[in-house]
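Right, one structure below, let's go through it.
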There are 4 protein chains.
Amino acid sequence: MNARVVLAYSGGLDTSVAIPYLSKMTGGDVIAVSLDLGQGGEDMESVRQRALDCGAVESIVVDAKDEFAEEYCLPTIKANGMYMKQYPLVSAISRPLIVKHLVEAAQEHGGTHVSHGCTGKGNDQVRFEVSFRALDPSLEIIAPARDYAWTRDKAIAFAEEVNLPIEQSASSPFSIDQNVWGRAVETGFLEDLWNPPTKDLYAYTEDPAMGNAPDEVVISFDKGTPVAVDGKKMTVLQVIEELNKRAGAQGIGRLDMVEDRLVGIKSREVYEAPGAVVLIKAHEALEDVTIERELARYKRLTDARWGEEVYDGLWFSPLKRSLDAFVDSTQETVTGDIRLTLHAGTATVTGRRSSESLYSFDLATYDTGDTFDQTAAKGFVQLHGLSTQISNQRDREGGFPTGNEKYAQ
Amino acid sequence: MNARVVLAYSGGLDTSVAIPYLSKMTGGDVIAVSLDLGQGGEDMESVRQRALDCGAVESIVVDAKDEFAEEYCLPTIKANGMYMKQYPLVSAISRPLIVKHLVEAAQEHGGTHVSHGCTGKGNDQVRFEVSFRALDPSLEIIAPARDYAWTRDKAIAFAEEVNLPIEQSASSPFSIDQNVWGRAVETGFLEDLWNPPTKDLYAYTEDPAMGNAPDEVVISFDKGTPVAVDGKKMTVLQVIEELNKRAGAQGIGRLDMVEDRLVGIKSREVYEAPGAVVLIKAHEALEDVTIERELARYKRLTDARWGEEVYDGLWFSPLKRSLDAFVDSTQETVTGDIRLTLHAGTATVTGRRSSESLYSFDLATYDTGDTFDQTAAKGFVQLHGLSTQISNQRDREGGFPTGNEKYAQ
Amino acid sequence: MNARVVLAYSGGLDTSVAIPYLSKMTGGDVIAVSLDLGQGGEDMESVRQRALDCGAVESIVVDAKDEFAEEYCLPTIKANGMYMKQYPLVSAISRPLIVKHLVEAAQEHGGTHVSHGCTGKGNDQVRFEVSFRALDPSLEIIAPARDYAWTRDKAIAFAEEVNLPIEQSASSPFSIDQNVWGRAVETGFLEDLWNPPTKDLYAYTEDPAMGNAPDEVVISFDKGTPVAVDGKKMTVLQVIEELNKRAGAQGIGRLDMVEDRLVGIKSREVYEAPGAVVLIKAHEALEDVTIERELARYKRLTDARWGEEVYDGLWFSPLKRSLDAFVDSTQETVTGDIRLTLHAGTATVTGRRSSESLYSFDLATYDTGDTFDQTAAKGFVQLHGLSTQISNQRDREGGFPTGNEKYAQ
Amino acid sequence: MNARVVLAYSGGLDTSVAIPYLSKMTGGDVIAVSLDLGQGGEDMESVRQRALDCGAVESIVVDAKDEFAEEYCLPTIKANGMYMKQYPLVSAISRPLIVKHLVEAAQEHGGTHVSHGCTGKGNDQVRFEVSFRALDPSLEIIAPARDYAWTRDKAIAFAEEVNLPIEQSASSPFSIDQNVWGRAVETGFLEDLWNPPTKDLYAYTEDPAMGNAPDEVVISFDKGTPVAVDGKKMTVLQVIEELNKRAGAQGIGRLDMVEDRLVGIKSREVYEAPGAVVLIKAHEALEDVTIERELARYKRLTDARWGEEVYDGLWFSPLKRSLDAFVDSTQETVTGDIRLTLHAGTATVTGRRSSESLYSFDLATYDTGDTFDQTAAKGFVQLHGLSTQISNQRDREGGFPTGNEKYAQ
């Protein structure tokens, strides 16, 4: 059987050259698949045509913006998905969706292989390949950059050799991945951790120091899903786009972090994710009002695990699905409005209202109308601390530490 | 035996009136103990004298600023102590220290009772009483506000009745607790969750929208302890004070949150903690560079539990001590410098350097000098995802979900 | 409005005397509600009649055996519910069901109060009262034993005073709670932790040292639910009863433990739960075959939390519900047979087979037919350990511990 | 530089043949290192001599029994180390110690390579290689069985070819690893999960059905370390040996499980670990008496993580070290005696006594002498359940689930 390679095609130099390369290497055909995830840039029809020009036998373009927003960004909002407490999983959640469409294309067009352009030291190879095998282990995987040390220089040489109809753009120092959920940038001078990011790194956000006037926004959620901005009904995609624009104008959502990659190394990453950062902040603030304490405490743990699982390329794993079941069960009552002030790099929650609020003015107020039974507290405090009291009594008598020793730094 | 009541004395109206009240109620003597925790305001000598004027037989003032910084704030930095991911435990860590000094005073001066002014619906009663019983369960506890419904109005009436030598200040709408680690504000109109905070709530921070010029600061840590600012050696207390000043000037560290109290209700709280917020952010950024991935992931879980334990009044508990042992064991290598830009409400990390850095340029770089063995990745990815692959294969064959179904919102 | 007190009625002396006592105390009527949870002993009709004889205006008996098995025992099996790794929550899961029926009776019969016979130092008061307030906070709770120090001696005296038509049984040294899921025994001489249990404590299990011949049993599960024993289809209730008989005959399921009560003290408890122990063991063995590794690891954590939550009286809590959602999502594929040998106190799993097994002979075998790709392992091991390698390299160079120092005991 | 390969040498056929094989393959010398970990079998001097006969230039035998007991088994006892709740990590804790001695030998004798006989589908390759790289990443690793598909048949053929002076034993169907902490057996017919283990698999334990008379034993611990059996002071090694003998005679410690290997597959394993199982059971029972509730609950989570970390080959990892710090901090008070009855496959705890007991007869008793303040309980229960009460009230009003719906199986 002839090889038919389904390639994750971006339209850039590397994957364009990969088309004839894969064809030559396998002696088979190449099918290019490109997804519109809201990354902007050139129009998708040009991308589609370029693949054909480079020799693809099929070139498929999928408008996956809404699917991405509703089935990948939305679960991330519900799980407050932030790897290392800060990174909203921009690239991590796009890979499984790309894979899903590649596998569908392979199944429809008789694909035998799938291919991606990732290197062997990043996370994306993991996300691609674990997802490929999770969805269809019969497809063989080709990763030229990793398995054949296929570098940019080799790609350019090969492009010339086969007379590829693409212009070689001036070499950019940046390695960029972007979609509607955010933008990731790596570049040489950031590899020195003491260097600050420079202004030209950013495209989704303005400089927070610009001094724009503050912008007040109200985001409405229904069962954990953002459904309106300033009272105007929107799809999830539209909410993200609106907040990208408004939070981006205020310089919100810039991240500069040292990240623990799954392959075992630390790397410096710069991200922009204005909409994502604001949405998760608002969602958390609404959860604070609508989710009971112990459930909220436990959800913070599972949220963190969810983020690690997705970061580690395990979107399609059994654990991820069961964590989703947990998360989904908590979102029934996460309904209401969050008001935020967007300004100079910061989104500040200034108000919340919810028909499902667990906040009770009558129980909380120190003014007239207080219904809290303070007499219950005395006994509560006594038994809440009893096991500590007994344990510390034992420790004192036995000469063990009880915690009020001088702290040894 | 005559009662001798050791009272946590703030110098304010309520605890001043409590002196003759407790004396009358128990037929015994009252010993006032006041701690300087960097709360500012009037000088401690005036506070000391006022207690005597109100009838205390002893009035003890303790300068506990350094002790507070080194033995209470510092462990909070090391554990990145943030309740509900945001509140740096301003009041929660001061109560156990106050208790420690009250118990010492009781043991030195023959105290039989201890007393505090907290109500029955807050967290502080728990922190006081659990700590009292943890350190000396033989002391009887009196909580007039809770157990005798001792209100401000009653206090004022009683003050007049006994001719107490204190001026009745104009009634403030704010209930405030503050120390060098931060400031907590509650007030009536915030009890409507939709009301934004007003400017007069704040004292430690300027308005972030003021437009001050950005301020760059370098914080140096040694084994998790902040030891210098901009290269100038400082005590922990001095570091906190310096950052309170500089981050406060930029409006950093304002919090407006709905909080899950231990007594079972939700409450609206406004905090200011400029130094705390910057220090924990810097500390986390340094940990990101100096702590190995799996340890860092686990530490995030124990950090969260540490924060809950301390929030819940269990500073002196056995679990807190063992969590400290875990945390301390991770701090050996948390040494280095973090550079931040403070501006308009945000502290942004822009650089890090450390002799103990786990970041390896040679492994991370995509440029010349790369030493990462990419050939290892292929097998790694394969086995990393193998259990998911097998499980999803089974699920597909059995008609069970595999995660690429349409997401049911 | 006249009080109408709905009482959890067991038929024993204490709750029988409580009927006239509650009536006298509240000046209202008493409605007795008794549940058949498979506890055996006298027939429920006698129990029902006795309540009326003691003055109840209504006496309701509910056959809740199947409901208990299917809605309380079954989730416990699915969550492998074992408090402190050993106690299968015998009393803990019965209380919420009793409460459910009391609340229903109150709502049907105009009840204004609910009442239980628990003391103030046990867990059951918590389970009763938290459940009452979770299901209907408008009902007032009366706990005579705790709130009015209503002791057995007072009960007997009162019974004589009001000429209650009940015989006073010879005082038993045992305090017993039992249902089809197990049996709990407390008694004075066990309060010395060094005393071993005596033979007369046990009723559900034979002496394991008796020397009965081993008994082999096959339990079949469908999606986590036990559905057959030795190939014979059964309800959950029947499965539990059958295994109680057969495992009980082998002395399986005896527990002697020191338990951490929610009220802050440790207590010695003896339990018998032959069916529960065997079912959970079999269920875990089937999960080991049918649940993917990372999901299984995480489920062990949530299972433990589930057990704590239920033990702590929080059956009806939001966290318990979301943990159930997690657990349920894992049970889809927990289908198959487990064979055990029951003998002399031990249930030993000796075989498992499942249409949903994740065990692959081809991958696991060391014989002919091995399909595992061993070449993948080299790279896997290398990257699996890379972050540790880098961290230990740093530690060695910096003189920090790397774990191969002599272990300091 | 000539290669000098330090080989983990067991004395068996495979590693004996590996000596000339490695020598030929690398053109260098082979140094054999053998550890006595209490595995029994032939005397270590014969093992040492055989390596020399096979061509090793050095043959080193280390009596590591006490080191293994005190620095590897003891931390496992303190952490109640049980992978998947049952496997006491028999092989998992021996590998890092073997590696430690190999690395020491390499550093002393100028070794350039290290070598082990593990295949590419098991856990032990991971434990060896991660530990090698953790302790000395400069050593090159050779794994002939995995990297050169070096099978038993090839080994035998090579042995004949090079005229190796070893007898070829009758091929055993068992693959065995054993040391003083336990014994692991794999064999072909167990690869069918429905086959029960046969009697000839076992060597450390008698048949539990044999009907030996029960054996009562008292184990004494000091700060978590077992120090005496029946009052007789012993080293940790002696305690394990004594309990292996006595518990083994009762058939205790047999395990038959399906295990989640780190490489992603499930495998059937049979273990015997009589001493380990009894020691951990006794240790847990003593912790139940001497460790405060919340610390004990948290320790169960960290214990589970500790077991996974060690199983996964990460003995020398930073996380393992910090988990040890946590565990060690809990053992200060784990001092006292546990009495068990060993009989017919089961170890039953029947008594415990401890100078550091947290059990208080006065608080626990229902008889005269009760000092527990039951009046505190009412308020405790009320606030313990308040957040659930409020949340369920909201859910009822909003038509959301509250947990007393019929359980959907």
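Even glycines carry a Cβ here, placed using N, Cα and C.
Record check, TrEMBL: ATP site residues include D:ALA8, D:TYR9, D:SER10, D:GLY11, D:GLY12, D:LEU13, D:ASP14, D:THR15, D:SER16, and the candidate from D:GLY111, D:GLY117, D:GLY120, D:GLY122 also listed there is D:GLY117. For the L-citrulline site that TrEMBL gives as D:ASN123, D:ARG127, D:SER175, D:GLU259, D:TYR271, the extra residue drawn from D:TYR72, D:TYR87, D:TYR204 is D:TYR87. A gap of 12 Å separates the Cα atoms of D:ASP124 (L-aspartate binding site) and D:ALA8 (ATP binding site).
Using CA atoms as reference points, the binding-site residues D:ALA8, D:SER10, D:ASP14, D:THR119 were checked against D:GLU259 (L-citrulline binding site), and the closest is D:THR119. Each of the binding-site residues D:THR119, D:ASP124, D:SER175, D:TYR271 was scored by other CB atoms within 10 A of its CB, and the lowest score goes to D:SER175. Within 8 A of the CB centroid of the L-aspartate site residues D:THR119, D:ASN123, D:ASP124, the other residues of that chain are D:CYS118, D:LYS121, D:GLY122, D:GLN125, D:VAL126, D:ARG127. The Cα of D:SER16 (ATP binding site) lies closest to that of D:SER175, out of the binding-site residues D:TYR87, D:ASN123, D:SER175, D:TYR271. A gap of 20 Å separates the Cα atoms of D:TYR271 (L-citrulline binding site) and D:THR119 (L-aspartate binding site).
When Cα-Cα distances from D:ASP14 (ATP binding site) are compared across the binding-site residues D:TYR87, D:THR119, D:ASN123, D:ARG127, the shortest belongs to D:THR119.
Here the binding-site residues are D:ALA8, D:GLY12, D:SER16, D:TYR87, D:ARG127, D:SER175, and the ones sitting under 8 angstroms from chain C, going by CB atoms, are D:SER175. Around D:ARG127 (L-citrulline binding site), the same-chain residues six or more apart in sequence whose CB sits under 8 Å from its CB are D:SER91, D:ALA92, D:ARG95, D:PRO96, D:VAL99, D:GLY313, D:TRP315, listed in sequence order. The ATP site is defined by D:ALA8, D:TYR9, D:SER10, D:GLY11, D:GLY12, D:LEU13, D:ASP14, D:THR15, D:SER16, D:GLY117, and by the 8 Å test on Cβ atoms against their centroid, the other residues of the chain that qualify are D:ALA18. Within 10 Å of D:GLY12 (ATP binding site), as judged by C-alpha distances, no binding-site residues are found among D:TYR87, D:THR119, D:ASN123, D:SER175. Under the DSSP three-state reduction, D:THR119 (L-aspartate binding site) is assigned to coil, being neither helix nor strand. Neighbour count (other Cβ atoms within 10 Å of the Cβ, all protein chains): 18 for D:GLY12 (ATP binding site).
Here D:SER10 (ATP binding site) comes close to D:SER34, D:VAL47, D:GLY117: these same-chain residues lie at least six apart in sequence, with C-beta atoms under 8 angstroms from its C-beta.
Under DSSP, D:ARG127 (L-citrulline binding site) is assigned to a helix (H, G or I) in the three-state scheme.
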